[in-house]
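Enquirer: Sharing a structure here in structure tokens format.
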Amino acid sequence: MHGLLLAGLLALPMNVLAHPAEQHASNVLSRRGVDIESFRLPLKAKYMDSDATAQKIQAMSFSKDDDYVSTATKLVKSTFPKSTFRVVDDHYIGTNGIGHVHFKQTAHGLDIDNSDFNVNIGRDGKVFSFGNSFFTGEIPKENPMVKRAFSDPVKALKGAVKALNLPVKSDNAKAKTAAGKESFEFMGTTGALSAPKANLVYLQKEDGSLALTWKVETDVGDNWLLTYVDAHNSETVHNVVDYVASAEYKVFAWGLNDPTEGNPTSIRDPWTDASPYTWNSDGMTKYPTTRGNNAIAQDNPTGGSTYINNYRPQSPNLIFSYPWSPTATPPSSYKDFSITQLFYTTNRYHDLLYSFGFNEAAGNFQVNNGNKGGKGNDFAIVNAQDGSGTNNANFATPPDGSPGRMRMYNWTTARPNRDGCLEAGIVIHEYTHGLSNRLCGGPANSACLNALESGGMGEGWGDFYATAIRLKPRDTKDTNYSMGAWAANNPKGIRAYLYSTNLQTNPYMYTSVNSLREVHQIGTVWASMLYDLMWALIEAHGGTYSADPVFRNGVPQDGRHLTMKLVMDGMALQPCNPNFVQARDAILDADRALTNSANKCTIWKAFAKRGLGYGAKYDARNRTGSNKLPPGC
């Protein structure tokens, strides 16, 4: 077997991408005169942590012979005995031994699309924790399927196109029946990357009522949208979900942060056991190019939607070694190096996340899942030097079974222009959107981080992982990090504050979110808390700066990797569209599941430092902070 020789910036994926708020992905709609922020889903979720759950289930009767799905189903039935619901086909058991089961509430056989229930089952077969956003109001008595007094799906498509000013021509659209109840695919349209779709669903509104809507799906590249169009008035759009997460990154790369920190180095056979087919095969075909089971990387100078026939470097002997110079211009002159770097960073991050539990059953990005669960045929499509934009990057996360798509842009902030692919932090931040969207709410639901606060946490997780991965042996808790400084050509980076444990350097507190209205700003607050948490756990368990964690009984043995594991496990525990308080509780529950709460007080102290302590409360307009610790800490 020939070894894979990659010439790339070596360093643990380091930096995150920073992006000015004015240029995040949804601003593509803003440039069309539409403010997508005003269409975000309302936060409806509740979360019962493991302590509260233990008290609640004492009064419930569960059979020891039940499997974890049956136990979860009984809990939902006992909690909402008058509700109808279905089991979502994406349940799995995580590497921490917790089973995750997801449910969707229904009414008259139709989904209530933002009414979810997630149940987490412990190793002992008992309910560990759960969350839900089920509708508790009165279900409409009349079945809409009887009189069918709702609009045609084509009208809904046209309503979405008009309301959001989408570049989709729908004059000749015709609806063709698709799989699923009241589901359709539209023929005769142009402008979308794939045929638009629609299905009839109910939607919980902000005022607590239900609306019958057409959920219209349109992938227009920079935005991949689910638009909830009123089924009785196609001119009314209630809410919008965008699968694309964007960021104006200014970042860094794996051991190295950016080209200022070192030179390209050749690495042989860098894959881990997470990639049993290597990076250049999917177990069926061996590819002499930057394509494999986890990712397919190519250039995309036109910014188009196709990728299979786009240019990739070819190497029959799998030696991908190409020249690069910091003075080279334009970036297209080193596209082979750029594509190779993007392919390397994406695969390396895939393998790291796999070790933490983002595997096939959890909904990761792979073509061939090897009968290990989940849905395959969904590697990450990663475009280098994408011509659809500049000074930015984005990642679209459809549900498990459909490929994720990353677009990496060139940056015009310096002369010569800079290529975002050379900053691993940008790539890591974007790929983390795929991680969090697949875990939160389950692999089959990619709409669980689309409220303002949960969307902010989506940005914060990207910043956190990019920063955690870039730590160096010389770093201490007094080390500060900026985001996106190299790509932005600005040493201060692109966030409001540096990531720092010093409250004078970074004064963000939980209550700061009360005055913030943009997801990247809110994300900076969340990532600041996670940065504090990481250093608290490093002080408790020591730090290691190896590329991969060392596990003992499933627990990373150093504080840095332990934080990454707990934060990731928390994503799978928390409810759909969580708030800060619920996400904090989910991390505490993740520690209970993994270490029997060995780090409980350390975690509480880290969050309390910035006001997310015991007694902190969520309110969309008036969050209450607390620096207190719970009894026993």
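Glycine is no exception: its Cβ is also placed from the backbone N, Cα and C atoms.
In case it helps, Swiss-Prot gives these features for our protein:
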SIGNAL    1-18  signal peptide
CARBOHYD  Asn410  N-linked glycosylation site
BINDING   His429, His433  Zn(2+) binding site
ACT_SITE  Glu430  active site
CARBOHYD  Asn480  N-linked glycosylation site
CARBOHYD  Asn622  N-linked glycosylation site
Enquirer: Judged by the number of other CB atoms within 10 angstroms, which among Asn410, Asn622 is the least packed of the glycosylation sites?
Expert: Asn622
Enquirer: Rank the binding-site residues His429, His433 by the number of other Cβ atoms within 10 Å of each Cβ and report the first-ranked residue.
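Expert: Checking each of His429, His433, the winner is His429.
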Enquirer: Look up Asn410 (N-linked glycosylation site) in the DSSP assignment and report helix, strand or coil.
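Expert: The three-state answer is strand.
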Enquirer: Do you know offhand how many angstrom separate Asn410 (N-linked glycosylation site) and Glu430 (active site) by C-alpha?
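Expert: On Cα coordinates alone, these residues lie 15 Å apart.
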Enquirer: Report, as a single number, how many Cβ atoms besides its own are within 10 Å of the Cβ of Asn480 (N-linked glycosylation site).
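Expert: Cβ-Cβ neighbours of Asn480 (N-linked glycosylation site) within 10 Å number 14.
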Enquirer: Given His429 (Zn(2+) binding site) and Asn622 (N-linked glycosylation site), what distance in Å do their CA atoms have, once rounded to a whole number?
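Expert: Distance (Cα to Cα, whole Å): 29 Å.
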Enquirer: Distance between Glu430 (active site) and Asn480 (N-linked glycosylation site) at the Cα atoms, whole Å?
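Expert: Distance between the two Cα atoms comes out at 22 Å.
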Enquirer: Can you tell me how far the Cα of Asn622 (N-linked glycosylation site) sits from the Cα of His433 (Zn(2+) binding site), in Å?
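Expert: Approximately 28 Å lies between the Cα of Asn622 (N-linked glycosylation site) and that of His433 (Zn(2+) binding site).
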Enquirer: If you measure His433 (Zn(2+) binding site) to Asn480 (N-linked glycosylation site) at Cα, how many Å is it?
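Expert: Roughly 24 Å, rounded to the nearest whole number.
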Enquirer: Validating a neighbour-count step here. Other CB atoms within 10 A of the CB of Glu430 (active site): how many?
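Expert: Other Cβ atoms found within 10 Å: 33.
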